[in-house]
Ligand SMILES: NC(=O)C1=CN([C@@H]2O[C@H](COP(=O)(O)OP(=O)(O)OC[C@H]3O[C@@H](n4cnc5c(N)ncnc54)[C@H](O)[C@@H]3O)[C@@H](O)[C@H]2O)C=CC1
Ligand SMILES: O=C([O-])CC(=O)C(=O)O
């Protein structure tokens, strides 16, 4: 049975571990880690059937087959290369980190060298399957419009640097309009999905991103439009936020669960 280590015990890490604990995914949860000890304690208290060890990444990779990063873009720099050097596969949900072309190249080169895989889940969006199929031929444009409650955008570097007063926003307001390369750094906890789209499609410098703050919303909306030789499609997801993190959509946690299930399964479906 596949041995798993989960790095990051927040909203997504906790849902993933609970899915393993309940038997929904047929893998062994061997170890967990979080830089905040209390997060690992809170997580372990929610598990009934499994009792993972708490191991730092250098120890974790000695024992597991696959490390799941669900911590932060910053953590990707530590976790992904360490896992690959130890010949572990790795799933990374903080996909925005891979906007750094140097990180993308060094980690994919490492994966090739050690015959490992890097899995990037679809996260909080729908439509990556269609985009991947479409990218076998020319794609003309990819546009993501993300609409969230202003409180979900609090703390983003772009908001801080531009002194945007989120409390003063009373109606639907476009607060960012640019390319994915800039968006994922400006909003690292909000548009990791722009990175997945860029990697699957036409790259970070051609994928357009609009971020809209809307105080009337209780859901996180991601709308994607893709045009190409195949024709065009739009997808729109109205996401319920994760119970413990309003920035994160619940679907992102479910996507990590499903990706892990797919890795552990002999039957693969979808693009
Ligand atoms: N690809 C996608 O569609 C989505 C990606 N995300 C990203 O997934 C990641 C996890 O999201 P959530 O679980 O909602 O976040 P969270 O904030 O609820 O939990 C993250 C946990 O990781 C820990 N952590 C962060 N950096 C760490 C480090 N360097 N070392 C050790 N522990 C560290 C934190 O202490 C926290 O307990 C975030 O980077 C988030 O931006 C979130 C939603 C959608
Ligand atoms: O969960 C979401 O709605 C999307 C998100 O935060 C991200 O892509 O970083």
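Glycine is no exception: its Cβ is also placed from the backbone N, Cα and C atoms.
Quantities reported herein were computed from a predicted structural model and do not represent experimental measurements.
Taken from TrEMBL, the feature active site covers 222. Annotation comment: TrEMBL describes 124, 192 as NAD(+) binding site. If you look up TrEMBL, you'll see 8-121 marked as domain 'Aspartate/homoserine dehydrogenase NAD-binding'. Sequence annotations record features per position, and here TrEMBL assigns domain 'Aspartate dehydrogenase' to 170-257.
DSSP gives residue 192 (NAD(+) binding site) a helix state.
The residue listed as 'active site' falls within a strand when secondary structure is assigned with DSSP. A 10 Å cutoff on Cβ-Cβ distances gives residue 192 (NAD(+) binding site) a total of 27 other Cβ atoms nearby, all chains included. For the residue listed as 'active site', the count of additional Cβ atoms within 10 Å of its Cβ stands at 25 [all protein chains shown].
Its Cβ taken as reference, residue 124 (NAD(+) binding site) is surrounded by 27 other Cβ atoms within 10 Å in the chains shown.
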